[in-house]
Amino acid sequence: MARCDVLVSADWAESNLHAPKVVFVEVDEDTSAYDRDHIAGAIKLDWRTDLQDPVKRDFVDAQQFSKLLSERGIANEDTVILYGGNNNWFAAYAYWYFKLYGHEKVKLLDGGRKKWELDGRPLSSDPVSRPVTSYTASPPDNTIRAFRDEVLAAINVKNLIDVRSPDEFSGKILAPAHLPQEQSQRPGHIPGAINVPWSRAANEDGTFKSDEELAKLYADAGLDNSKETIAYCRIGERSSHTWFVLRELLGHQNVNIAFGYGPHACPASAYSRMCLTTFFTSLTQRFPQLQLARPFEDLERRGKGLHSVGIKELLVTWPT
């Protein structure tokens, strides 16, 4: 797919702020950012309250999505330009939503809010409202979504890409460093997964790297282009960014996202993989009464214990 089919530049965006049938939509991790200022004429989607089911941990359904877009003044035939902060990670999340429910004309503003601000382009604090429409969402296209059983069946069969940070992947931490409250239930990663942090696909200004750079990034990490791919993180915003890169920019057709099905969602019969140091640290944190016969650092330093037989990682299960 050509980049112009899924991306617009900041120059194009500024020239088309008032174009008919073009709607700019801001979706941010920081849901208050839009309220401070935004691209003139852009409307807001709140990823927490607008895109999440209020009762269960799932997406809004087609009826809810139709109601949402109708109330915000978006029509089926509109071209929707999505943007946000932090390299467009939640904008990519919303992009995936629009594709899930069959919206044909949707693109990302390359570089998002970061590039727009770096360029010194104008922002507005004026409230925005649009006339109500009668939007009709299509039934969900679940071919771009992977469910739990599909993830379990994919272990050592398909490409599994863990797009979180290396420290989350190894089990050292349970959440993004700047969001310590957003913890997974289990440390580590799904066995067989490769780690390609989502943010490596972006340049310093938030724009996407070239196709050549992106292809090399995933090839160097061990992505097998002949296999289907499932990307995962924790909530889905980071894996949506990777899904956009692989499918919309690089043209990989069999790419799915597993929302909420990282290592923390695997049943007791599945495993998370983590390094030994992290394992013992997590073990003693969970069970304070547990005492090791010898400090693990001492075992490691003396060359004894598990490291002495070449074991540097463990497959572990955690109680749910």
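We count from 1, first residue shown onward.
Backbone N, Cα and C define each Cβ position, glycine as well.
Since this is a predicted model, take the numbers as computed values, not measurements.
Summed and averaged per residue, pLDDT over the domain 'Rhodanese 1' (18-125) gives 95. Taken from Swiss-Prot, the feature domain 'Rhodanese 1' covers 18-125, and the record attributes it to sequence analysis.
According to Swiss-Prot, the domain 'Rhodanese 2' annotation covers 154-267.
The number of other CB atoms found within 10 A of the CB of Cys233 (active site, cysteine persulfide intermediate), across every protein chain shown, is 28. Under the three-state DSSP scheme, Cys233 (active site, cysteine persulfide intermediate) falls in the coil class. The active site, cysteine persulfide intermediate annotation in Swiss-Prot covers Cys233 and rests on sequence analysis.
Listed in sequence order, the residues of the same chain lying 6 or more apart from Arg238 (substrate binding site) and placing their CB within less than 8 Å of its CB are Trp89, Val163, Arg164, Trp198. Per Swiss-Prot, substrate binding site is recorded for Arg238, and the stated evidence type is similarity to another entry.
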